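Worksheet for the structure shown next.
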Amino acid sequence: MRGFRPSLSAMMFVVAVIWIGVAALYGLLKPISNGCIMTYMYPTYIPISTMENVSSAKYGLYLYHEGKVRSLAAESDRAYQGGPLERTFYREAHLASEEGHVDMADIQLPNQYANRLDWFAVDLEGEHSAMDGRILEEHTEYVVYAIHRILDQYKESHDARESDGTATTGSLPKSVILIGHSMGGFVARAATIHPRLRKSAVKTILTLSSPHQSPPLALQPSLGDYYESINQEWQKGYEVQTTRTGRYVSGPKLSNVVVVSISGGYNDYQVRSKLESLDGIVPPTHGFMISSTSMKNVWLSMEHQTILWCNQLVVQVSHTLLSLVDSTTGQPFPETQKRLAIFTKMLHSEIPQSFNWKMQPQSSWSSRVPAKDVKDTAVPEVHTLSDCPSSFHWNDDILERDLYIETTTVTILAMDGRRRWLDIQNLGANGKSHFIFVTNLAPCSGVRVHLWPQKGKSSSDLPAGRRVLEVTSKMVQIPAGPAPRQVEPGSQTEQAPPSAVLHLAPEEMNGFRFLTISVAPRPTISGRPPPATSMAVGQFFNPDEGKIEFSPVSMLQSMHSHKDIFLKEDHPLAFNLSFAVSLGLLPVGFSLKTAGCGIKDSGILDEAGDTGNAKLCKLRCFPPVALAWDPTSGLHVFPNLYSETLLVDSSPALWTSTGTEKTTVLLLLDPHCAYKASIAVSVTTAASRFWLLYFSQIIGFCVAVIFFALMRQAHARPIPSILKAVESNLRIPFPFLPFFLAPIMFSLFFSFLSSQPFPPFSSFTIVSLICYLLANGIVILLILVSQLGFYVTAYLHVFIKTRWQLWEGNFGFLFLRWFMNLSSRFLSLKVVRVLRANPLFVPVSAAIILSTFVHPALGLFILLLSHALCCHSSLCNSLTASFRSNARKKESDYRTEDNSLSQQFKPKPGSPSKENSSSYIQTQEDTFHLRHGLLVLHLLATLMFVPSLVSWLQRIGMHQNFPRFLDSFLCICLILHGIYSSESLLNSELPFPRIMGKEVRLNSIYLIAGFYSYLSGMALAPYKALYAMGAVGIIAFALSILQAWTGATRFGRRRHWHRH
């Protein structure tokens, strides 16, 4: 039968899809070490009574208490009892003045928390709201009710105590803080704009790993439509309300609502950071998204469920929430910008967002002393840099004799109580105008850094108008790796990892001659014990010397042969690694081996070997640290970087991507050590990232590929198989290039019309090409699997049927003959005869009823069964006719030989004659190919509704509503398309409209539907491809009705096709 054997190119696509899928699965199943400390729960749930007309049987509201420690609620109590986090003097994050007009210096955190937090939990029965829009709406309605019930509960309790004479002073709560995990975060936003929610009942929302831009599986139309409607309402909520004529009505409805989204980073496979972003939904003046990898005191990426119990994050969030409460009123601060400033100060770090030293904007600190007091200084006056507090005041007597550093690199290996002087003018010459300093000593208590206009014993020795500037609090905290260990008991301890970094640009040191680094003596003034090992390294450096760029070609070549880089001793302390392709798309395996550590020509390293070399160098050089920045997910820190996969949670090469997609990595290496660095792209991690990032795009492209194949079937005569149609569309240059490039050009044109920024063309085109080829491979794989199943069952059916004809006279089959006679009597009944005369009535009725009243996927299953039966019947008829034709040919050629085969396929009355057997076989093959193409299309549509079906099956036995109208309507359109599409519809003489003098036929409609599905995939909204399927179904049904009404006939010019 024609069209069964795939071509070599088709098999290559299938092999590529299987290989990439297996590699991605291996990458996803690898165990993850996230470094989180477990938060144990000992919960006590106190139920709160609800009204009977609310879904009380399905959901529940509880007051949440802990028997011991330590969930988020328990950690908030623990934080309340223990007080705020210990104050550090690292540089803190700040709000830009144009965003909030709030100076972070004005935000003073309390020394002791004055109020506890009452925690309430909403039990939503663990339903899969991420898969079904109806469930999401029900959750939103119940959360709105729960908010009202909580606020009413406070009033009821206050009234009861007042009647008993035990009422307490203080105002009742008027709002709640909503904290939602996963889809709970979106439900919190949906509840905030619900029309029945009381005004100002919600002012603060904190979400954990919650998708805001679109659902993680954007496959169900009603789910995607609900997301769009909620996000549009949020966009309008921050706009001034006016009438149609432009008359002012009121201010923004959501002007007092702050939203903070916390993402889990690259280890969260279920929700990517791109989906958790608030861009276009919440303005920067009212919220932000931060990754757990860049959160202060956390610095970890975590899985989707881990973010609930990771103790580092739980503790930081608990203190943040307690800091939101005004100690005087016991209520959260009413000022929006003050709440946002607290979130910023408690969660953000001040690590620079760009490591391009020369292009880095001016720093946001200045001296407390006005610039006019320092001669020839050019210190910017943006924010005030505070000195160390008086409790850390150092007397000049504390410091021992000063040291004068003559080299560009200074190293401190002990808390020796000395001050080191560095001449900025001499050491910063020859282009080495930047200074970087890394240490594990705490600012103020362990180390202090000053800028001096001239040398002196103390600032009092300097003449008036020339003051010393302290820059200690400009240090930025970075996460330190594991504590150093001793190689052997009593031996020297390994070098400590850095915990802070300080960078001074030339503009910041302008007007000063000397830089001093003062180290406290071992018995510190604060009384705290010193660190086990002390480390500090500073260096004047030229940024160009540490710049290393990796082109796309070199990154791709590293897949099969790693790239080695040798760094000699006295290298720059800071390296700026620039990867042309985002590490979110091509993660890089990075390994560092110590090749030397300043012990030259001693023979010690030669005797110790590689293992001893590494041990000795760990005693001298601090562990390497890498800091990667991504515009989408923020900062990613990799401490103790000896062998690690550098990965960021970015989403490059999308239609909505803007700006550069390069990833910049700041690598901090001890200049006293020589290193051998190896870089290789991790294939398994890259494959898993590609599937995670572009799964929605590939699904939309799959629908487009099938529509393009149906277009070719509707145009070509005889009707090709769906496999051959897909293969034909892959021919280069035509028609492959038009199908691939036309939607991309249209998307860019649409971006131009809507004044949206263009995505990076090269990466956008290449990734779209890969997704389109993978979509073709997936469709070919579906076609081959289904086609193989049809051929196997058809051959078995024909074989059993022919054997039955030979055996039906046997005595052993009398019972079967009796059963067949009984079946024929049943088929002779009038009801059965009516149904057989109208074979479409039963499947259409059953499918529509199931889609309307039960679940749309069940109706599509009926449609698939109808397609399968039609394909099986036409394939069996074709094979039977082909066998009979071959039997006649053999009988005519070999009349003298055994004629058992001709008797076996002896034609029956009504079977096609020898003259029209070829035409009959052709007709049956055309029917099979047409129905097989529709089956593949509707199989993909059914798979898109399977997640919703899973969530529906979870709720069996509970109160359920009817499916959403949008889902049911689209499924009914698909059913009509599958039932009423036929070959006669493709060739009927119907009054199709004309565009530019050409008749628009069904193949043109398939082409338009394919382009729309293609664009839907690029927009990460594959559910919109179902809109195209529904539109095609409506058109096919209307044309079928019109054909039956007008009695249109087939084209008379159609020929009979014969194979030669």
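Cβ coordinates come from backbone N, Cα and C, glycine included.
What TrEMBL records for this protein:
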type     : residues  : note
TRANSMEM : 7-29      : transmembrane segment
DOMAIN   : 68-323    : domain 'GPI inositol-deacylase PGAP1-like alpha/beta'
TRANSMEM : 691-711   : transmembrane segment
TRANSMEM : 732-754   : transmembrane segment
TRANSMEM : 766-792   : transmembrane segment
TRANSMEM : 840-865   : transmembrane segment
REGION   : 891-918   : region 'Disordered'
TRANSMEM : 934-953   : transmembrane segment
TRANSMEM : 1002-1020 : transmembrane segment
TRANSMEM : 1026-1045 : transmembrane segment
Outside the transmembrane segment (1002-1020), six or more residues from its ends: residues with CB under 8 Å to it: 214, 218, 654-656, 696-701, 703-708, 710-712, 714-715, 739, 742-744, 746-747, 768, 771, 985-986, 1027-1029, 1031-1032, 1035-1036, 1039
Intrachain neighbours beyond the transmembrane segment (1026-1045), with Cβ under 8 angstroms and 6 or more residues off its ends: 221, 703, 707, 937, 941, 944, 969-970, 972-978, 980-982, 984-985, 988, 990, 1002, 1005-1006, 1008-1010, 1012-1013, 1016
Candidates 732-754, 766-792, 840-865; stretch with most C-beta pairs under 8 Å toward the transmembrane segment (691-711): 766-792
Long-range neighbours of the transmembrane segment (732-754), counting only residues six or more past its ends (CB under 8 A): 655, 704, 708, 761, 764-765, 768-769, 772, 1010-1011, 1014-1015, 1018
